[in-house]
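K.L.:
When I checked TrEMBL for this same protein, it listed these features:
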BINDING   18-23, Asp42, 50-53, Lys66, 119-124  ATP binding site
BINDING   Cys160, Cys163, Cys436, Cys439  Zn(2+) binding site
ACT_SITE  Cys175  active site, glycyl thioester intermediate
DOMAIN    274-368  domain 'Ubiquitin-activating enzyme SCCH'
DOMAIN    447-530  domain 'Ubiquitin/SUMO-activating enzyme ubiquitin-like'
REGION    541-617  region 'Disordered'
COMPBIAS  555-565  compositional bias 'Gly residues'
COMPBIAS  566-575  compositional bias 'Basic and acidic residues'
COMPBIAS  576-588  compositional bias 'Acidic residues'
COMPBIAS  606-617  compositional bias 'Basic and acidic residues'
Amino acid sequence: MEASLVEKIEASNILVVGAGGIGCELLKNLAGSGFKHVEVIDLDTIDVSNLNRQFLFRTHHVGKPKCTVACEAARDMSPHSPHNDPVGFYVAHHGNVKDNDRFGVNFFKRFDVVLNALDNVDARRHVNRLCLSAEIPLIEAGTTGYLGQTTVIMGKQTECYECQPKPTQKVYPICTIRSTPSMPVHCIVWAKELYKLMFGSAPDSMLFEDEEGDEKSTFMSPVVDGRLKVEEKPSAEKLLKYTKSVLTALFTTEINKQLGMDRYKGAKKTPVAHDVEAMTKSIKAGDLKPPSETEGGEKRVWTNEECCQEIYCIVSEMYTVATSPPDIFSSSIAFDKDNHVAMRFVAAASNLRASVFKIETNSYYTAKGIAGNIIPAIATTNAIVAGQEVLELMKILKHGKDKVMEVCKFTYCLRAKTRKGFFLQPTSLQPPNEKCYVCKNARVVVSIDTKTFTLEGFIDQVLKKKMSFNSPILQIGCDQIYEDGEPEYEQNLAKTLENLPCGGIKDGTTLVVEDFEQDMEVNINFVQMEFEEEDERGQFLIGGDKPVAKKTTKDGGGGGGAGGDKMGEEEKKEEEAEEDDDDIEVLDANELPPPPPAVTKGKKRGREEDPLSSEKP
């Protein structure tokens, strides 16, 4: 490595956002490469389920902030001594990157380059906007199973994270399902693993914890050690007692333990433990009438009491000789969405989990629709994309941020090798999309029923959930009609858009939306459009009459295209989410790498030159 590049590496100030699967790999690479001034932001704490692939963490670290432990490990790996240069030497910031009081634009301006190792789309959008405002390069990476991608974003040179619309599918990624669920899909995947823990081979479940662990969860003993023996034909009373002990351990004792450890101190919603004793008080031993078999039972959302009743009925079925699977407690007992008993269990257990964390609950049918698209996360893919991020970082330091478009690449990590035998395929970065409202200040067209949609619904569903505004300020002409957090405007929230002050929002109205936290201003043009209740497009459209983003193929298709975005009832329930660092993942089109560009017929495509390498392709 050139002496001048070594000097730049040692002098550079680097920010890493995320200390999970990709983040651990990144910090290892940065420390080994000689980077000294690195700061890390991460909200999460270490869970037992992280230990098998987030290799900077050990059993005795469980419950501690990921960023703190990861920085300590990076210091130990670094060839430099923190005593000689303690300022900025792997500094941890335990908090939410969207906390503008701590991590605003001025904070980001302190750094030369930002590296993303995030696990959710909303936070990625936020970091993208802060880097654009601070005028610093952002190196972005993501993985989904064997597929991965790494790219570089530099304002005014390359397209930003939001330049291309993301295709929407009914499959979603999953990350911290054990510790901090935030969506129904997290709870459903957790319930699938619980089914395996209770009725299959317990060590095969990601919820399983080895007896030698220092911080064994309180539910392990009641669930696994307390298993009954089918051949002993347990009585109805024993089955009910076992069910109650399991539910209490999962939804009361364990939750209270985590609350006592301040595990959820920085969470948006603090979980509330269930009173299982009260919820199961009405269940009688031998009363085997599951809610799923009542009229309309599979199409409505069960109460917590009904979920407990359903689980008791399932436990009874699994332990009764006449109905028990012959291979119970073996590896062949795994979740199958077409197995009615397994799906009933997942629907009930996931709803109990969701209500603890104040997440929307679902009917049996809705849960079944979410439950079928699970794939394993691959730690090796995380390592590959993290290595690519550091290579792109070195290119930027060597050539300067003004040369990003020329020297950096968008690199795909493929599942199947190319015709030339490569699993990595670099392609040129793309210029900004002229229609991007984030980096090009383009106007956004929103088609919506202004006669029925309230301002509160528009802010929550459109501005915050779909456009990722944090603290929006709304203006019609020169008049302000809303500012986030200001009580004087709360009276407008319940009004329909057309009945707002200053003439309201109607067909042809232009609304100015500002967000000082993200240093962003967007003009929204409204089109009055009525939607049927069952309209497959949802209840509003962003960007046109219909979305035209390319569909993602099963083995890694994706990519964008100009056009609209949609928001339907199912998407409001399942929403975009995480994708990179847990044992179990659900595919998400938002994070799948788009397919490599087609090769022009008649022309050979060679390896692209690496600006860091002295070798020619």
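Using N, Cα and C of the backbone, Cβ positions are placed for all residues, glycine too.
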K.L.:
Could you put numbers on the helix, strand and coil content of the domain 'Ubiquitin/SUMO-activating enzyme ubiquitin-like' (447-530), residue by residue per DSSP?
P.N.:
21 helix, 28 strand, 35 coil
K.L.:
Other residues with Cβ within 8 Å of the Cβ centroid of Cys160, Cys163, Cys436, Cys439 at the Zn(2+) site?
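P.N.:
Those within range, site residues removed, are Leu132, Glu159, Tyr161, Glu162, Pro432, Asn433, Val438, Lys440.
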K.L.:
Roughly how many Å lie between the Cα atoms of Cys160 (Zn(2+) binding site) and Asp122 (ATP binding site), rounded to a whole value?
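P.N.:
Cα-Cα, rounded: 14 Å.
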K.L.:
Write down the Cα-Cα distance for Cys163 (Zn(2+) binding site) and Asp122 (ATP binding site), rounded and given in Å.
P.N.:
15
K.L.:
Relative to the Cβ position of Cys439 (Zn(2+) binding site), how many further Cβ atoms are located within 10 Å?
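P.N.:
Around Cys439 (Zn(2+) binding site), other Cβ atoms within 10 Å: 22.
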K.L.:
Nearest to Cys163 (Zn(2+) binding site) by Cα, among Gly18, Gly21, Asp42, Asn52 (binding-site residues)?
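P.N.:
Considering only the listed binding-site residues, the nearest one is Gly18.
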K.L.:
Sorted by position, what residues of the same chain at least six away from Asp42 (ATP binding site) have a C-beta under 8 A from it?
P.N.:
Val17, Gly18, Ala19, Gly20, Gly23, Pro65, Lys66, Cys67, Ala70, Ala92, His93, His94
K.L.:
Cα-Cα separation of Cys439 (Zn(2+) binding site) and Asp119 (ATP binding site), in Å?
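P.N.:
Cα of Cys439 (Zn(2+) binding site) to Cα of Asp119 (ATP binding site) measures 22 Å after rounding.
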